[in-house]
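Beneath this line is the structure, given in C-alpha coordinates, with notes to follow.
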Amino acid sequence: MIDDEYLQTAVEAGEKSAAILEENFDADFEVEHKSPTDMVSEIDIECDRVIKDHIGDRYPDHAFFTEESGTDGSATYRWIVDPLDGTHNYVNGFSHYCVSIALEIDDAIHAGVVNCPGTGDVYTAVRGEGAYRNGNPISVSDDATLEESFLGMGISPPSTTDDAYLEWFRRLIGNPIRTEGVRRLGSGAFDLSLVAQGTFSGFFDKYTSSWDVAAGALLVEEAGGTVTNLENEPIDLGADERELNIVATNGSIHDALLEECATASSAVAANPE
(Lines of atoms letter the chains of each structure in order from A and count residues from 1; the text may use other names and numbers.)
(Lines give C-alpha, C1' and ligand atoms only; values in the text may rest on other atoms or scores of the structure.)
Protein backbone atom coordinates (compact mmCIF):
# COMPACT_ATOMS: atom_id res chain seq x y z
CA MET A 1 0.00 0.00 0.00
CA ILE A 2 1.25 3.47 -0.86
CA ASP A 3 2.12 5.54 2.20
CA ASP A 4 -0.10 8.58 1.65
CA GLU A 5 -2.33 9.99 4.37
CA TYR A 6 -5.04 11.13 1.96
CA LEU A 7 -5.16 7.74 0.27
CA GLN A 8 -5.36 6.00 3.64
CA THR A 9 -8.26 8.23 4.65
CA ALA A 10 -10.04 7.39 1.40
CA VAL A 11 -9.41 3.67 1.91
CA GLU A 12 -10.87 3.84 5.42
CA ALA A 13 -13.94 5.75 4.24
CA GLY A 14 -14.40 3.27 1.40
CA GLU A 15 -14.22 0.35 3.82
CA LYS A 16 -16.96 1.87 5.98
CA SER A 17 -19.21 2.36 2.97
CA ALA A 18 -18.44 -1.11 1.62
CA ALA A 19 -19.39 -2.68 4.96
CA ILE A 20 -22.83 -1.03 4.79
CA LEU A 21 -23.28 -2.19 1.20
CA GLU A 22 -22.34 -5.77 2.02
CA GLU A 23 -24.62 -5.84 5.06
CA ASN A 24 -27.62 -4.66 3.05
CA PHE A 25 -27.03 -6.53 -0.21
CA ASP A 26 -30.26 -8.36 -1.15
CA ALA A 27 -32.13 -6.56 1.66
CA ASP A 28 -35.37 -4.62 1.20
CA PHE A 29 -34.90 -0.84 1.19
CA GLU A 30 -36.44 2.29 -0.25
CA VAL A 31 -35.55 3.28 -3.81
CA GLU A 32 -36.39 6.61 -5.45
CA HIS A 33 -36.22 7.23 -9.19
CA LYS A 34 -34.52 10.56 -9.86
CA SER A 35 -35.30 10.08 -13.56
CA PRO A 36 -36.34 7.15 -15.80
CA THR A 37 -32.65 6.26 -16.14
CA ASP A 38 -31.36 7.15 -12.67
CA MET A 39 -32.21 5.98 -9.17
CA VAL A 40 -31.08 6.50 -5.61
CA SER A 41 -31.58 4.24 -2.61
CA GLU A 42 -31.54 4.95 1.09
CA ILE A 43 -28.29 2.96 1.11
CA ASP A 44 -26.66 5.45 -1.29
CA ILE A 45 -27.61 8.28 1.06
CA GLU A 46 -26.36 6.49 4.18
CA CYS A 47 -23.04 5.62 2.54
CA ASP A 48 -22.66 9.21 1.33
CA ARG A 49 -23.09 10.45 4.90
CA VAL A 50 -20.62 7.93 6.34
CA ILE A 51 -17.93 8.83 3.80
CA LYS A 52 -18.34 12.57 4.27
CA ASP A 53 -18.34 12.23 8.06
CA HIS A 54 -15.14 10.17 8.07
CA ILE A 55 -13.24 12.45 5.71
CA GLY A 56 -14.76 15.63 7.15
CA ASP A 57 -13.68 14.73 10.68
CA ARG A 58 -10.11 14.38 9.43
CA TYR A 59 -10.13 17.35 7.06
CA PRO A 60 -12.88 19.81 8.04
CA ASP A 61 -11.73 22.46 5.55
CA HIS A 62 -11.95 20.19 2.51
CA ALA A 63 -14.80 20.41 -0.01
CA PHE A 64 -16.98 17.60 -1.39
CA PHE A 65 -18.56 16.87 -4.75
CA THR A 66 -20.76 13.77 -4.45
CA GLU A 67 -23.54 12.15 -6.42
CA GLU A 68 -26.01 12.19 -3.55
CA SER A 69 -25.36 15.60 -1.99
CA GLY A 70 -23.83 17.65 -4.80
CA THR A 71 -21.24 20.33 -4.08
CA ASP A 72 -20.42 21.12 -0.46
CA GLY A 73 -17.89 23.90 0.01
CA SER A 74 -15.16 25.33 -2.18
CA ALA A 75 -11.52 24.57 -1.46
CA THR A 76 -8.16 23.63 -2.92
CA TYR A 77 -8.85 20.09 -1.70
CA ARG A 78 -12.03 18.53 -3.11
CA TRP A 79 -13.26 14.98 -2.58
CA ILE A 80 -15.20 13.55 -5.53
CA VAL A 81 -17.36 10.69 -4.31
CA ASP A 82 -19.84 8.14 -5.56
CA PRO A 83 -20.88 6.13 -2.48
CA LEU A 84 -22.52 3.48 -4.67
CA ASP A 85 -21.60 3.34 -8.33
CA GLY A 86 -23.89 0.78 -9.90
CA THR A 87 -27.09 1.37 -7.94
CA HIS A 88 -29.24 -0.46 -10.53
CA ASN A 89 -26.96 -3.49 -10.21
CA TYR A 90 -26.98 -3.33 -6.42
CA VAL A 91 -30.75 -3.12 -5.97
CA ASN A 92 -31.22 -6.01 -8.42
CA GLY A 93 -28.75 -8.31 -6.69
CA PHE A 94 -25.94 -8.04 -9.27
CA SER A 95 -22.58 -7.73 -7.53
CA HIS A 96 -20.92 -5.42 -10.10
CA TYR A 97 -20.99 -2.26 -7.99
CA CYS A 98 -18.44 -0.25 -6.03
CA VAL A 99 -17.53 2.74 -3.88
CA SER A 100 -15.52 5.42 -5.68
CA ILE A 101 -13.55 8.11 -3.81
CA ALA A 102 -11.04 10.54 -5.30
CA LEU A 103 -9.20 13.56 -3.93
CA GLU A 104 -8.66 16.49 -6.26
CA ILE A 105 -5.95 19.01 -5.34
CA ASP A 106 -5.69 22.19 -7.41
CA ASP A 107 -7.84 20.68 -10.18
CA ALA A 108 -5.78 17.48 -10.51
CA ILE A 109 -6.67 14.09 -9.04
CA HIS A 110 -4.11 13.21 -6.37
CA ALA A 111 -5.49 9.93 -5.01
CA GLY A 112 -8.24 7.48 -5.82
CA VAL A 113 -9.87 4.41 -4.32
CA VAL A 114 -12.38 2.02 -5.88
CA ASN A 115 -13.71 -0.53 -3.38
CA CYS A 116 -15.63 -3.44 -4.94
CA PRO A 117 -17.43 -5.37 -2.18
CA GLY A 118 -18.80 -7.97 -4.60
CA THR A 119 -15.33 -9.22 -5.46
CA GLY A 120 -13.46 -8.12 -2.35
CA ASP A 121 -11.05 -6.04 -4.43
CA VAL A 122 -9.77 -2.59 -3.46
CA TYR A 123 -8.06 -0.55 -6.18
CA THR A 124 -5.82 2.34 -5.15
CA ALA A 125 -3.64 4.95 -6.80
CA VAL A 126 -1.72 8.11 -5.97
CA ARG A 127 -0.47 10.42 -8.70
CA GLY A 128 3.01 9.33 -9.75
CA GLU A 129 3.01 6.22 -7.55
CA GLY A 130 1.37 3.56 -9.75
CA ALA A 131 -1.89 1.64 -9.45
CA TYR A 132 -2.64 -1.29 -7.17
CA ARG A 133 -5.23 -3.98 -6.51
CA ASN A 134 -5.23 -5.25 -2.95
CA GLY A 135 -1.74 -3.80 -2.52
CA ASN A 136 -0.28 -5.46 -5.60
CA PRO A 137 0.83 -3.45 -8.67
CA ILE A 138 -1.40 -3.62 -11.74
CA SER A 139 -0.95 -2.52 -15.34
CA VAL A 140 -3.03 -2.14 -18.47
CA SER A 141 -3.21 -4.83 -21.15
CA ASP A 142 -0.71 -5.14 -24.00
CA ASP A 143 -3.36 -5.59 -26.71
CA ALA A 144 -2.15 -3.72 -29.79
CA THR A 145 -5.34 -3.58 -31.88
CA LEU A 146 -9.08 -3.23 -31.39
CA GLU A 147 -9.57 -6.63 -32.99
CA GLU A 148 -7.82 -8.36 -30.09
CA SER A 149 -9.27 -6.11 -27.39
CA PHE A 150 -11.99 -6.76 -24.81
CA LEU A 151 -13.88 -3.52 -24.12
CA GLY A 152 -16.30 -2.06 -21.62
CA MET A 153 -18.81 0.68 -22.33
CA GLY A 154 -21.33 2.85 -20.54
CA ILE A 155 -24.87 3.40 -21.80
CA SER A 156 -26.40 6.13 -19.69
CA PRO A 157 -28.46 8.58 -21.75
CA PRO A 158 -29.53 11.77 -19.95
CA SER A 159 -33.10 10.66 -20.60
CA THR A 160 -34.99 7.91 -22.38
CA THR A 161 -36.01 10.46 -25.02
CA ASP A 162 -32.51 11.63 -26.00
CA ASP A 163 -32.88 10.73 -29.67
CA ALA A 164 -29.41 11.96 -30.69
CA TYR A 165 -27.70 9.76 -28.13
CA LEU A 166 -29.84 6.74 -28.94
CA GLU A 167 -29.09 7.21 -32.64
CA TRP A 168 -25.34 7.50 -31.90
CA PHE A 169 -25.47 4.27 -29.95
CA ARG A 170 -27.55 2.55 -32.65
CA ARG A 171 -25.04 3.49 -35.34
CA LEU A 172 -22.11 2.41 -33.18
CA ILE A 173 -23.66 -0.99 -32.60
CA GLY A 174 -25.19 -1.21 -36.09
CA ASN A 175 -21.69 -0.99 -37.55
CA PRO A 176 -20.10 -3.01 -34.76
CA ILE A 177 -16.58 -2.42 -33.56
CA ARG A 178 -14.52 -5.46 -34.44
CA THR A 179 -13.23 -6.56 -31.07
CA GLU A 180 -12.94 -9.63 -28.92
CA GLY A 181 -16.10 -8.38 -27.22
CA VAL A 182 -17.86 -5.35 -25.73
CA ARG A 183 -19.58 -5.44 -22.35
CA ARG A 184 -21.90 -2.98 -20.62
CA LEU A 185 -21.78 -3.83 -16.91
CA GLY A 186 -23.31 -0.74 -15.33
CA SER A 187 -20.57 0.69 -13.10
CA GLY A 188 -18.11 3.07 -14.70
CA ALA A 189 -15.68 3.18 -11.78
CA PHE A 190 -15.58 -0.61 -11.60
CA ASP A 191 -15.11 -0.85 -15.39
CA LEU A 192 -12.24 1.63 -15.31
CA SER A 193 -10.61 -0.50 -12.62
CA LEU A 194 -10.85 -3.43 -15.03
CA VAL A 195 -9.04 -1.34 -17.65
CA ALA A 196 -6.34 -0.55 -15.10
CA GLN A 197 -5.79 -4.22 -14.28
CA GLY A 198 -5.79 -5.30 -17.95
CA THR A 199 -9.11 -7.16 -18.08
CA PHE A 200 -10.60 -4.58 -20.43
CA SER A 201 -8.31 -2.89 -22.94
CA GLY A 202 -10.64 0.09 -23.14
CA PHE A 203 -13.81 1.72 -21.85
CA PHE A 204 -15.94 4.52 -23.25
CA ASP A 205 -19.05 6.42 -22.16
CA LYS A 206 -20.70 9.34 -23.94
CA TYR A 207 -22.66 10.60 -20.90
CA THR A 208 -21.21 10.18 -17.43
CA SER A 209 -20.37 12.22 -14.32
CA SER A 210 -17.22 13.20 -12.47
CA TRP A 211 -17.94 11.02 -9.44
CA ASP A 212 -18.23 7.95 -11.70
CA VAL A 213 -14.79 8.36 -13.29
CA ALA A 214 -12.48 10.50 -11.12
CA ALA A 215 -10.88 7.66 -9.17
CA GLY A 216 -10.99 5.18 -12.05
CA ALA A 217 -9.37 7.59 -14.48
CA LEU A 218 -6.40 8.00 -12.14
CA LEU A 219 -6.14 4.22 -11.81
CA VAL A 220 -5.95 3.82 -15.60
CA GLU A 221 -3.34 6.54 -15.99
CA GLU A 222 -1.20 5.21 -13.14
CA ALA A 223 -1.46 1.70 -14.62
CA GLY A 224 0.07 3.00 -17.85
CA GLY A 225 -3.06 3.80 -19.84
CA THR A 226 -4.53 6.85 -21.55
CA VAL A 227 -7.64 8.81 -20.57
CA THR A 228 -9.29 11.55 -22.66
CA ASN A 229 -12.71 12.70 -23.72
CA LEU A 230 -14.20 11.85 -27.12
CA GLU A 231 -12.37 14.85 -28.62
CA ASN A 232 -9.01 13.50 -27.39
CA GLU A 233 -8.76 16.25 -24.78
CA PRO A 234 -8.40 15.98 -20.97
CA ILE A 235 -11.65 15.03 -19.27
CA ASP A 236 -13.50 17.86 -17.53
CA LEU A 237 -14.13 16.92 -13.91
CA GLY A 238 -15.99 20.19 -13.44
CA ALA A 239 -18.67 19.23 -15.95
CA ASP A 240 -22.32 19.09 -14.94
CA GLU A 241 -23.96 15.75 -14.13
CA ARG A 242 -24.12 13.45 -17.18
CA GLU A 243 -22.24 16.04 -19.27
CA LEU A 244 -18.81 14.39 -19.15
CA ASN A 245 -17.63 11.85 -21.71
CA ILE A 246 -14.62 9.56 -21.47
CA VAL A 247 -12.44 7.16 -23.41
CA ALA A 248 -9.94 5.19 -21.31
CA THR A 249 -7.63 2.62 -22.86
CA ASN A 250 -4.32 0.83 -22.58
CA GLY A 251 -2.92 3.55 -24.86
CA SER A 252 -2.19 1.32 -27.84
CA ILE A 253 -5.80 1.24 -29.05
CA HIS A 254 -6.74 4.77 -28.01
CA ASP A 255 -6.71 6.43 -31.42
CA ALA A 256 -8.58 3.53 -33.01
CA LEU A 257 -11.33 3.59 -30.39
CA LEU A 258 -11.65 7.37 -30.67
CA GLU A 259 -12.02 6.97 -34.43
CA GLU A 260 -14.83 4.43 -34.05
CA CYS A 261 -16.72 6.78 -31.73
CA ALA A 262 -16.12 9.75 -34.04
CA THR A 263 -17.41 7.79 -37.02
CA ALA A 264 -20.69 7.15 -35.22
CA SER A 265 -20.96 10.83 -34.27
CA SER A 266 -20.30 11.94 -37.85
CA ALA A 267 -22.95 9.59 -39.18
CA VAL A 268 -25.55 11.03 -36.80
CA ALA A 269 -24.61 14.60 -37.71
CA ALA A 270 -24.78 13.89 -41.44
CA ASN A 271 -27.98 11.86 -41.36
CA PRO A 272 -30.10 12.79 -38.34
CA GLU A 273 -33.31 10.76 -38.02
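Including glycine, each Cβ sits where the backbone N, Cα and C put it.
Remember, TrEMBL labels are computer predictions, not curated facts.
Note that the structure is a prediction, hence the values are computed from the model and not measured.
For the Mg(2+) site, TrEMBL gives E67, D82, L84, D85; the one candidate out of D191, D205, D212, D236 that the record lists there too is D212. Neighbour density at the Cβ, taken as the number of other Cβ atoms within 10 Å, is lowest among the binding-site residues E67, D82, D85, D212 for E67. The record gives E67, D82, L84, D85, D212 for Mg(2+). Within 8 Å of the mean position of their Cβ atoms, the other Cβ atoms in that chain belong to D44, V81, P83, G86, T87, C98, V99, S100, S187, G188, A189, S209, W211. DSSP assigns D212 (Mg(2+) binding site) to a helix in the three-state reduction.
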